[in-house]
Amino acid sequence: MSRFRIGNGYDIHRLVEGRPLILGGIQLEHSLGLDGHSDADVLTHAIMDALLGALSLGDIGHYFPPTDPQWKGADSLKLLAQVNQLIRDRGWTIGNLDSVVVAEQPKLKPHIAAMRDRLAKVLELEPDQIGIKATTNEKLGPTGREEGICAYAVALLVRD
């Protein structure tokens, strides 16, 4: 088996009133938040799917199904810590992560360092092992119409 494995992940959630907006474990000031069974942190969800995909372990819905009441309102960083442990238990470590968050509003650049630091702490990585970029969809599609926010992630795993 190869010493390296890669995986990619994607997530999207609808923006709604009355919910907090949490990205990368950081709560952002915004009039709308992401709707979902857990805290709906699309960045953290995309990262979890990339990590699980790298080892052909399925997706986050398999481990944390939205039909299970125990995950209602769950903190995605706690779920991420469980995924990280699952990977470590199988003899792998994270080489690096890279991600893109697509949102028209709010502007994310001022929050990227805090997101990276929060994720690095949970994953026991150095912040420079985590890339987070933000872009818009130039007013195109559901994210462009500000109906939701999505995130893409890729993970490189290295055999211990």
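For all residues, glycine too, the Cβ spot is worked out from N, Cα and C.
Swiss-Prot lists Asp11, His13, His45 with the feature divalent metal cation binding site. For Asp11 (divalent metal cation binding site), other Cβ atoms within 10 Å of its Cβ number 25.
Long-range Cβ neighbours of Thr136 (site 'Transition state stabilizer') (same chain, at least 6 residues apart, Cβ-Cβ under 8 Å): Val102, Ala103, Glu104, Thr143, Gly144. What Swiss-Prot lists as 4-CDP-2-C-methyl-D-erythritol 2-phosphate binding site is Asp11, Ile12, His13, His37, Ser38, Asp59, Ile60, Gly61, Thr135, Thr136, Asn137, Glu138, Arg145, and the listing cites sequence analysis.
The site 'Transition state stabilizer' annotation in Swiss-Prot covers His37 (among others). Its Cβ taken as reference, His37 (site 'Transition state stabilizer') is surrounded by 17 other Cβ atoms within 10 Å in the chains shown. Following the DSSP three-state reduction, the secondary structure of His37 (site 'Transition state stabilizer') is coil.
Positions annotated as site 'Transition state stabilizer' by Swiss-Prot, on the basis of sequence analysis: Thr136 (among others).
Annotation: Ser38 carries the greatest number of neighbouring Cβ atoms among the binding-site residues Ser38, Thr135, Asn137 [cut-off 10 Å, Cβ to Cβ].
The recorded positions recorded for this entry are Asp11, His13, His37, His45, and the Cα of His45 lies nearest to that of Ile60 (4-CDP-2-C-methyl-D-erythritol 2-phosphate binding site).
Cα to Cα, Ser38 (4-CDP-2-C-methyl-D-erythritol 2-phosphate binding site) and His13 (divalent metal cation binding site) are separated by 11 Å. Between the alpha carbons (Cα) of Asn137 (4-CDP-2-C-methyl-D-erythritol 2-phosphate binding site) and His13 (divalent metal cation binding site) lies a span of roughly 15 Å. Following the DSSP three-state reduction, the secondary structure of Thr135 (4-CDP-2-C-methyl-D-erythritol 2-phosphate binding site) is strand. There are 28 other Cβ atoms within 10 Å of the Cβ belonging to His45 (divalent metal cation binding site).
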